[in-house]
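Per TrEMBL, these features apply:
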TRANSMEM  27-46  transmembrane segment
TRANSMEM  66-90  transmembrane segment
TRANSMEM  102-125  transmembrane segment
TRANSMEM  170-190  transmembrane segment
TRANSMEM  202-230  transmembrane segment
TRANSMEM  242-266  transmembrane segment
TRANSMEM  345-367  transmembrane segment
TRANSMEM  373-397  transmembrane segment
REGION    422-441  region 'Disordered'
């Protein structure tokens, strides 16, 4: 990177920063899904039978233990990824005028997606409520947290003791603290900044390994949890609730997809944009990976006559730092769980969720879907006063909404390149290399 100087003689000029290199994990997604289905089937078979009294005391601790192992990884991993994501974003912002223009569009898209979900998701759940028995499925044995008023919300923005906030899983002040800490790192002399980035990169990799181990035993943990809830609520309620959840959460991703299509169609026309996007969307659906879809996205940009320089810069960078559906669909999950618990989400809770969703989306863009699900939605739910226990079951079906996530993200990436190209009559030549360096991992 060759960032522009800041005119501060007391600090060293920022050095070239390589992107964080995070470990690659292969997770048993289909085995986890199979564990959920198996647990729900077995639970429905033993529901109301005497044998359940012998099985549930054994499976309940297994599921609870796995859930605790999952929860223990959230705060350290979120903190490390947040620091890495924001420092990477700051580096991108110093890459030139095109990058800064693109980041403005990114921020607007993320905020608009989150606001759309805050408005649309409660309306959708009011029109098409979850099936009978849904609350018994996901809310059993869990007490909802109190939702703070406006005064308490303002006070909660800053924690006087960051260690105590971590112990209390107070995600909003923790998110603000680590976001400010990350910004401070970017203002340090190059050597100190690199040292701290290296430390948090190591923490992130270590925690990714830990959560990877936890998720490798997810088939067992999800089987135990699924068995318990199906035995209590019945198999029909379990399956119907999960289907309802998948459809409603994916609908929020559909809103982002439609918005991205409109942005692209405004400049190129709906037919031309749709035809150009079809190959990239086909790759997105089949791979569920924005990175794997990058070559097809570049080809789509060529068909849309987007400047080659802009496309070659914006698309790799957007794959590295931008997931258009993250705030929208992550907030949708938290709102769905709150609805099952009967929690009335006031303005403070929704604002807290929106703020955390916006910031967290920066740090989790390059992670596998199941890990991203846990470390993105967990903090949002905690900030909104929504119990996180149901996430342990919902992660098992994340592969299905993830198709909509990838489809909308890929479409939004190309629409972003088009919008940036429209506002960049002359591409800044200094913007050429950073795009590649941000994704060279």
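Numbering starts at 1 and runs along the chain as displayed.
Note: Cβ is positioned from N, Cα and C throughout, glycine not excepted.
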> What same-chain residues lie close to the transmembrane segment (242-266): Cβ under 8 Å, and 6 or more beyond its ends?
Replying inline: 109, 112-113, 116-117, 120-121, 124-125, 128, 130-131, 134, 273-274, 277, 304, 324-325, 328-329, 331-333, 336, 393-394, 397, 400-401, 403-405, 407-408, 411-412, 414-416, 418-419
>> At a Cβ cut-off of 8 Å, and with pairs 6 or more apart in sequence only, do we get at least 3 pairs between the transmembrane segment (202-230) and the transmembrane segment (373-397), yes or no?
In response: yes
>> Can the transmembrane segment (27-46) be said to touch the transmembrane segment (170-190) if we require at least 3 CB pairs below 8 Å and skip pairs under 6 apart in sequence?
In response: no
